[in-house]
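Engineer: Have a look at the structure that comes next, please.
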Amino acid sequence: MVFIADYGAGNLRSVQKAFDYLGIPATVSSDPAKMAGCRKVVLPGVGAFGQAIEALDRLGFTDALSEHVDKGGHLFGICLGMQLMLSDSEEMGSHRGLGLIPGSVRHFQSDSDKIPQIGWNSIDLKQESVLFRGIADHSFFYFVHSYYCDPLEASSIASTTWFAGKNFCSAIEKNGIFAVQFHPEKSSEAGLQVLRNFAEC
């Protein structure tokens, strides 16, 4: 069973429908206690970083997610969910993150590319990856974001993507923590394969 954390931040129902389409049981809940017994947890999200981390704190997910990872469970962040895993964010001020991956969330700066990035873009794989097993390098995925993750440890970066004059980190994979900046549930067959790979790893 895949547990999808409901903390009031967007795209969780579309993520659940994608798992349903794949025939993978998935449940949505705002109660961290119901994570017990679920080895796979998904942290989706669309919205503002500060409001999201406050909601995670209020609902008790902040400690529960850390405990889940510490016990060997797998955690998968999508879009804002990926950003929340880092140490801090500069989105509309300065905010503490979950601190599961050392690094910061930064705003794109560009005179040439329109921000936010909205649409399809390709990934460049940086390591042998569980998430991207069976997916060709340079495959395209669907992005919607104005901020990007800047991890301190290069070893945690699973893929990068070129936008706004930089190769930013578009996927993370390390010690049972997985995350993607794009929306796999909106990324056709390649995106569905990412979800399948997470559920089956």
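Backbone N, Cα and C atoms are what each Cβ position is placed from, and that goes for glycine too.
As listed in Swiss-Prot for this protein:
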type	residues	note
DOMAIN	1-201	domain 'Glutamine amidotransferase type-1'
ACT_SITE	CYS79	active site, nucleophile
ACT_SITE	HIS183	active site
ACT_SITE	GLU185	active site
Engineer: Using a Cβ cut-off under 8 Å and a sequence separation of 6 or more, which residues in the same chain sit near CYS79 (active site, nucleophile)?
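Structural biologist: Listed in sequence order, they are ASN11, PRO44, GLY45, VAL46, VAL144, HIS145, VAL180, GLN181, PHE182, HIS183.
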Engineer: Only counting partners 6 or more residues apart, tell me which same-chain residues put their Cβ under 8 Å from the Cβ of GLU185 (active site).
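Structural biologist: Result: ASN11, SER14, VAL15, LYS17, ALA18, ILE78, GLY191, LEU195.
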Engineer: Report the mean pLDDT of the predicted model across the domain 'Glutamine amidotransferase type-1' (1-201), rounded to a whole number.
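Structural biologist: Value for the domain 'Glutamine amidotransferase type-1' (1-201), mean pLDDT as a whole number: 95.
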